[in-house]
Amino acid sequence: MPFSKALAYILVATALIAAGPTTAQLSPTFYDARCPNLSSIVEDVVRQALLTDARAGAKLIRFHFHDCFVNGCDGSVLLIDSIEDNIDSEQNAAGNQGIQGENIVNDIKTAVENACPNLVSCADILAIASNSAVVLAGGRGWEVQLGRRDSREANRSGAVSNLPSPFEPLANLTVKFANVGLNSTDLVALSGAHTFGRSRCIFFSRRLTNFSGSGLPDPTLEPAYRETLIEACPAGGDNNRINLDPTTPDEFDKNYFTNLQANRGLLTSDQVLFSTDGADTVEIVNRFAASQEAFFDGFGASMIKMGNIRPLTGTDGEIRLTCTRVNPSPAVADM
């Protein structure tokens, strides 16, 4: 690629990153003509992963979420460190500490490439796999919008500043969601993904005995549940993994919200949705706790909305041949 074209490519990419949330021209039928079995190919791999890893679905949704909150839904979270390609991985940011599931994404990419080579982006794979994860866990799917392309760069500093933290109060979470065009309903609905999956003790242990340096437990943590967590997180057990939903830990249902009503939200960022006085999120939690259909409707709508955060489309970006690395030359695999 001539220098002038390469420079133009960089300038366009930079402009897209700075542009903020947009609604791209994505479509649920984007691959129908050229890869009609795409959704079933992805779902089959996710199903196989779940046979040996109950956390597989939660891992995939976390990747999609963390991808979209940094530079938009462009697959950048999947890139690993590369001096050659000038990649400082977003996975090095604290908010991505312990993120897992890249092996599952790679397996999906291999299966998709075998059926439909040089066609489907890693960003779209994350979107489709998230839908499959929810359906296979007993939830209801949504009409996944497709047509994203993959970034050729990562943004570690963006991951540091933009990803919501499990320790944050509601005001901080609300701002981070608003920064990417998501509102309080989206915040509560998307937090409902914590109806399955696990968290390490290190992310909530300060709630058990010394919340905010008070020397006391978090007053919004139900005492019997707290005792259970203390037993599960002994000294030296920071990396022990605990169910985010203590009632139905591997099912996608509304129990996350009834747990919040009972002060059994595992993370600070979970419980504040219900326990922050006067917050508009309280009514939304109550609505989803009262109706699984309302939660499924809200979750699907918010996943579509999140999936529309600043995707690369058209001829921007590329279709990565390997999800963890940019393609070996600036040439992109155009559709």
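Backbone N, Cα and C define each Cβ position, glycine as well.
Caution: TrEMBL annotation is automatic and unverified by curators.
Predicted, not measured: the structure shown is a model, and the values here were computed from it.
Copied from TrEMBL, the annotated features are:
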{"type": "SIGNAL", "residues": "1-24", "note": "signal peptide"}
{"type": "DOMAIN", "residues": "25-327", "note": "domain 'Plant heme peroxidase family profile'"}
{"type": "DISULFID", "residues": "Cys35-Cys116", "note": "disulfide bond"}
{"type": "ACT_SITE", "residues": "His66", "note": "active site, proton acceptor"}
{"type": "BINDING", "residues": "Asp67, Val70, Gly72, Asp74, Ser76, Glu90", "note": "Ca(2+) 1 binding site"}
{"type": "DISULFID", "residues": "Cys68-Cys73", "note": "disulfide bond"}
{"type": "DISULFID", "residues": "Cys122-Cys323", "note": "disulfide bond"}
{"type": "BINDING", "residues": "Pro164", "note": "substrate binding site"}
{"type": "BINDING", "residues": "His194", "note": "heme b binding site"}
{"type": "BINDING", "residues": "Thr195, Asp245, Thr248, Asp253", "note": "Ca(2+) 2 binding site"}
{"type": "DISULFID", "residues": "Cys201-Cys233", "note": "disulfide bond"}
Rounded distance in angstrom between the Cα atoms of Ser76 (Ca(2+) 1 binding site) and Cys201 (disulfide bond):
28
Cα distance, Cys73 (disulfide bond) to the residue listed as 'active site, proton acceptor', nearest Å?
9
Determine, to the nearest whole angstrom, how far the Cα atom of Cys122 (disulfide bond) is from the Cα atom of His194 (heme b binding site).
23
List the residues of the same chain that sit at least 6 positions away from Val70 (Ca(2+) 1 binding site) in sequence and have their Cβ under 8 Å from its Cβ, in sequence order, or write 'none'.
Ser76, Val77, Glu90, Asn155, Gly158, Ala159, Asn162, Leu163
In angstrom units, rounded to an integer, how far apart are the Cα atoms of Thr195 (Ca(2+) 2 binding site) and Cys73 (disulfide bond)?
23
Round to a whole number and give the Cα-to-Cα distance in Å for the pair Thr248 (Ca(2+) 2 binding site) and His194 (heme b binding site).
11
If you measure from the Cα of Asp245 (Ca(2+) 2 binding site), which of the recorded positions Cys116, His194, Cys201, Cys323 is the nearest?
His194
Which chain neighbours of the Ca(2+) 1 site, leaving out Asp67, Val70, Gly72, Asp74, Ser76, Glu90, have a Cβ atom within 8 Å of the mean position of the site's Cβ atoms?
His66, Cys68, Phe69, Asn71, Cys73, Gly75, Val77, Ser151, Ala154, Asn155, Gly158, Ala159
Nearest of the recorded positions to Asp253 (Ca(2+) 2 binding site) by CA-CA distance, picking from Gly72, Cys73, Cys201?
Cys201
Which has the fewest other CB atoms in a 10 Å radius around its CB: Asp74, Glu90, the listed binding-site residues?
Glu90
Other CB atoms within 10 A, centred on Cys233 (disulfide bond):
19
To test your reading of the Ca(2+) 2 site: which residues beyond Thr195, Asp245, Thr248, Asp253, same chain only, put their Cβ within 8 Å of the Cβ centroid of those residues?
Phe196, Thr247, Pro249, Asp250, Glu251, Phe252, Lys254, Asn255, Tyr256
